[in-house]
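Structure record follows, encoded as structure tokens.
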Amino acid sequence: MAKQAVRRIVIAGGGAAGWMSAAVLAKVLKPQNCTIQLVESDDIGIIGVGEATIAGIHWLNNILGIEEDDFVRASQATFKLGIDFRDWTGAGRRYYHPFGRYGVPLGGVGFHHLWVKAQRLGLAASFEDYCMTSMAARLGRFDRPDRAPPGSPLKTLSYAYHLDAGRYAQYLRTLAVGMGVERIEGTIERVDQNPETGYITRLHTRRGDVVEGDLFLDCTGFHALLIQGVLQTGTIDLSNFLPCDRAWAVPCERTGDTIEPSTRCTARAAGWQWRIPLQHRTGNGHVFCNEFMSEDEAHDVLMRNLDGRPLGEAKLIKFKTGRTRQVWNKNVIAVGLSAGFLEPLEATTIHIILNSLNKIIGHFPRRTPDPLTVAEFNRQLDLQFDTIKDFLVLHYRLSEGRDEPLWRYFRQLTLPERLERMIESFRMTARIAPSEFDQFKEASWFSVMLGQGVVPEDHDPLADNIDDAALASHLARVRDNIRQIAERMPAHDAYIRANCATPVPA
């Protein structure tokens, strides 16, 4: 007997998670093969914790056929080359975590090993000088790498976006509805389950709509209405590793004509502050641990450190870091904040959504999901959360220059075994071995560990086969080529004005 196909997908909740899910599934499945309905209420706002993305967002744009200039205009977006970390290892100190890679290998030796050897010999400049993305960010420049000729260092530049979360969700909604997704306005009031299997069968809205489905996506944010509220899946608490549990967020007026192509993350006494430049305003937030700072004090810290006049009242967002025990349970898949949250540092939330959608496509079920498929899907999503958690903890653990209680807490924390091993491996040998499920690859681990003061004691022995003069010449050539290309690139704000500026209302 042929197994029945999924013919009805119901997405509970809108926002970025809901409308990204709707658009991707509509593109892949086609409305004639499977109906997709999304239930959301205008009375329930979206969280929009962060307005920064990471480079994985290009996967979504490519699969949906999104024209970049149109998307940037619609989202009032700017380009993001990486993160400018300030004061994490002490007042006045900073480093840059870029997208993109560092340098060019030589003699079969990875570039960061070449740099470690050269730095010990006094032959190297700052490691950021050897990354196209870092150099462009430092000079406030931007250009698309696909415009560069083959072999140009510009080809190594990678980027993401800063965007208005509300406008972005609306843009995706327009795309999805245009592809046949049906939007149902209403607040979910009751959920029916099959009495034998526990599978969800239909949703009831407050105004009387009944929405039946074969597969349900829970995009209800921290409420986790289906995965937790109905199925009681359970959660795994990660607040021991990531204790920050609140954030004040407020936009402010943009000041000056220059738009930095970077998110700024500044360490504070009990957490850190983000600054995200958009075309029309600047997004700001203060992430903190309430155990070490009161809400009122944290609010004052944020408001004292704005670039411009605040645009409205600051909003307090409470959260607890952790993840659901099963992202996929019965016929419900949690997407976005309903699946888990690991705080806004490094802007991982949208990436987790995108990776979940990628995995859903790769493990798309029949009407009755295969248990082995579900188990493998959950295993991969669990590993994603765990590897991201390790990378975020890395930032806090290596902040040796700060002595406030939060930062002392991290220095005393027993680290996950994998993270401890990666730090020690880098410290002793400069070797880094991210897993296949790591969102952050070798260059990211290198930039954060080196930026926060971990100096390797050794390097790849094969680097010793390279003559010192040849090594110095190679590094100088790489640095000079990058610098020359960056200086010829347009200024970031000039690029936006020429190509993708959001029209200003008359």
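Glycine too: its Cβ is placed from the backbone N, Cα and C atoms.
According to TrEMBL, the active site annotation covers Lys80. DSSP gives Lys80 (active site) a strand state.
Taken from TrEMBL, the feature FAD binding site covers Gly14, Gly15, Ala16, Ala17, Leu337, Ile350. Leu337 (FAD binding site) falls within a helix when secondary structure is assigned with DSSP. Summarising the environment of Leu337 (FAD binding site), the number of other Cβ atoms within 10 Å of its Cβ, over all protein chains shown, is 25.
Annotation source TrEMBL lists 7-chloro-L-tryptophan binding site at Lys80. Listed in sequence order, the residues of the same chain lying 6 or more apart from Lys80 (active site) and placing their CB within less than 8 Å of its CB are Ala52, Thr53, Ile54, Phe99, Tyr159, Ala160, Tyr161, His162, Pro261, Ser262, Thr263.
Within the same chain, the residues at least 6 positions away from Glu346 (L-tryptophan binding site) whose Cβ sits under 8 Å from its Cβ are Ile54, Ile83, His97, Ile388, Phe391, Leu392, His395, Phe440, listed in sequence order. Marked as L-tryptophan binding site by TrEMBL: Glu346.
Under the DSSP three-state reduction, Gly14 (FAD binding site) is assigned to coil, being neither helix nor strand.
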